[in-house]
Amino acid sequence: MTAAVFFGCAFIAFGPALALYIFTIATEPLRVIFLIIGAFFWLVSLLFSSLFWFMARTITDNKDGPIQKYLLILGVLVSVLIQEMFRFMYYKLLKKASEGLKSINPDETAPSMRLLAYVSGLGFGIMSGVFAFVNTLSDSLGPGTVGIHGDSPQFFLNSGAYPLIEKTRLNKTFMTLVIILLHVFWGIIFFDGCEKKKWSALLVVLLTHLLVSALTFISPHYGINLVSTYIIMVLMGIWAFFVAGGSCRSLKFCLLCQDKDFLLFNQRSR
Amino acid sequence: MLTFMASDSEEEVCDERTSLMSAESPPPRCCQEARQGLEDGENAAQWRSQDSEEDLDDADRYVCSGVPGQPLGLEEELTLKYGAKHVIMLFVPVTLCMIVVVATIKSVRFYTEKNGQLIYTPFTEDTPSVGQRLLNSVLNTLIMISVIVAMTIFLVVLYKYRCYKFIHGWLIMSSLMLLFLFTYIYLGEVLKTYNVAMDYPTLFLTVWNFGAVGMVCIHWKGPLVLQQAYLIMISALMALVFIKYLPEWSAWVILGAISVYDLVAVLCPKGPLRMLVETAQERNEPIFPALIYSSAMVWTVGMAKLDPSSQGALQLPYDPEMEEDSYDSFGEPSYPEVFEPPLPGSPEGELEEEEERGVKLGLGDFIFYSVLVGKAAATGSGDWNTTLACFVAILIGLCLTLLLLAVFKKALPALPISITFGLIFYFSTDNLVRPFMDTLASHQLYI
C-alpha cells in the first residue's frame, strides 16, 4: 500500500515537472545550469523568509497562542514578497549576462529571455514543490501513517483520523502540482513584464501569488482552495501562453499537426 | 582541483526551431592555428588555452571569459564554444556519487551507527560540556589535517625524487583495499539490510569480479564509462567510511579545514600541490593518471611531436585531494589518457590532433562533497530538505568554480566555494528553514 501511495503521489505532484524537464531542459546543458541557478535563488529567498520569521518569533519571545498564528501568516506573506523579489533579481542577473554576452559575441545569439523565463520559472517551481512535498512523500513510505506528532498507527486507526491523513496527503499532492505549474507561468509573465516595462504584470503576479498562499489559510476546506487555485493556474497559463507568443492560430496548427513552422522544439520532422 | 582540456570542432546541429540558436562550428583552420600555436607554446598554457568553462553568461557554446571589452583572440573564440557541456559533465558524476551515498545512508543503518573512530581522530565527542566537545573536535581536525599535509609532502618528495614505483605500488594497494575489502563490507551490510541471503561462493565470485574488473579499468585500460563508474563507486565507498567514522562536530570542522587547506595548497607558491603541478609540468609528463575523474577520452592521431604516452599536449594539473586519498592509501589511480583509440580515416602525416577533451575533477572533491551531503542526510533529523539544500549549494559552488576557471585559466581548488556554500546552507537550513517549513506543513500552508 505504501509503495503505491508513494509512487502515485510522487508522479501526480512531480510528473508534469519531470516531463517538462526531460523534454525541454535535459538535452541542453545551458538550460540545466539556469534551472539549477533558479532553484538556488528560490532556496536563498526561502532562507531569508525563514530568517525573518525566526527573528519575528524571537522578538515576541516565542509565546504561544494566537500571536503565533498571526506571525505565521505574516511570515507567509513576507515570504511571497521575498520570492518575487528574488525572481526580479534573477531577471536582472540574466539580463546582465545576456548583455555581457552580446557585447562579446555580437554575431552569436544568446538564449532568448522567454526561454530563460520559462527555465527560471521551472527552477523556482521544482524547488518550491520539492521543499513542500518531499518530507510527506518520504513519510508515506513509512509504516503507513503521516504522524507529524509521532502518534502510533493504532491511535490513528481508532480515532478515525486515517481518512483525514489521506485527504491531507492528497491535498498536498495536488497543491504541489499546481504550485509548480504556477511558478512556471508566473516566471514567463514576470519576465515579460520586466522586458516590456509593464509593471502591472509584475503586480498581478505578486497579487496572485499572495492570493494562492492566502487561499491555503482556509484549510481544512481543501476543496475550495484547491479548485480556486487550479482556476487561477488555468488563467495564468492562458495569459502566459499569449505572452510567450502563442496565438489561437498557432494552437490550432499545433493540435492539427500542421505546425512545421510554428514548433518551438523540433522533436521530429513532420 | 579543477582542470580541463579543450574540445574542438564538433559538429553542432543548427536548429532554427529552438529559441536557443546553435552557433556553427568554427572553421577547422582556426582550430588548427590555435592548436598549433598552443602546442608550440607552453605546455602549461595548453590545457587552459582551448577550454574555458563557461557559466551563467552563455548559450551552449559561448563563454564570457570575464573580460568584456577585450578583443577576442582566436583562443578565446574557441574557448567560447564548450562551456555548459563541461559543467554538466561534472554535475552528472557528482550527483550520482551523492545519490549513491544518500541512498545508502538512508537505507543501510550500518553507516549511521557509531562504532568507534579512526585513529586519526582520537578524541572522543562524548563529553558532557559543549566547550570540551568543541575543543576535542578542533584537536581531531588538527591531527587529521596534519596527517594529510604530511602525506602530501611525502608524496611530493617521492615524486621529486622520481620514486614512481613506490607511488604506483602505494596507489595499487589502496585501490585493492577499496575495491575488495570495502566492497565486501558494503555488500554485506546491504544484504543484511534487505535480508537477502547469499552464500559465500556467490559472494566471493561477485566481489572478485567486481574488484578485478575495477583494478583493470582503473589502473590499466578500460571503457571510459566503466572507469568513471568505478571511480564514482570508490569515491562513494570512501565517503561512506568517513561518514561512519568521523564524529559529528569533527566532521564539520574537518570539512571547513580541508577547504582552507585546499585553497592554500593549490594557490600558494610554496604549496605542496602547486609544487607537484609545476614539477610535473617541468618534466612534461602527467602527474599521476590516477585519482582523477576525467569526463572525456583523448584521441590522438599521427602526432609526431607527441611522446608515446601522448601526454605532452595534455598537461593537466592534478587535484590536491588525491593527496588526501593517498595519505590514507585509499586512492584510485586512473588512466583517462591512456585509452587512445586511433582515429580511423584521418590523413597520415598531418600534424593534426583530434581531441575530445573534457574536464577533470579530483576524486577527493567527490569524496568531500559526498561527505557533506551524506552527513546532512544522516544527521538532519530525517529531513530531506537539508540534504537537498546542501546538494543544490554544492552544485552552485561547482558552477562558480568552473566560472572562475574560465576567468583565471589555471588550476583551481574545487573544494572551497562548494564546501562553504554547503556548510552555510546546511546550518541555516537545519536551524532556520526546517522549523519554518515544518510549521507551514503542519498547518497545510503554502508559500
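Cβ coordinates come from backbone N, Cα and C, glycine included.
So that you can see what the record holds, here are the features copied from TrEMBL:
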- B:1-57: region 'Disordered' (REGION)
- B:87-105: transmembrane segment (TRANSMEM)
- B:138-159: transmembrane segment (TRANSMEM)
- B:166-188: transmembrane segment (TRANSMEM)
- B:200-218: transmembrane segment (TRANSMEM)
- B:225-243: transmembrane segment (TRANSMEM)
- B:249-268: transmembrane segment (TRANSMEM)
- B:388-408: transmembrane segment (TRANSMEM)
- B:414-433: transmembrane segment (TRANSMEM)
Dominant neighbour of the transmembrane segment (B:138-159) in B:87-105, B:166-188, B:249-268, by Cβ pairs under 8 Å: B:249-268
Ranked first among B:166-188, B:200-218, B:225-243, B:249-268, B:388-408 for CB pairs under 8 angstroms with the transmembrane segment (B:87-105): B:225-243
Close approaches to the transmembrane segment (B:249-268) from elsewhere in its chain (Cβ under 8 angstroms; 6 or more beyond its ends): 1, 121, 123, 125, 133-134, 136-138, 140-141, 144-145, 148-149, 152, 242-243, 274, 320-321, 323-324, 368, 371-372, 375, 411-416, 419-420, 422-423
Recorded stretch, among B:166-188, B:225-243, B:388-408, maximising Cβ pairs under 8 Å relative to the transmembrane segment (B:200-218): B:166-188
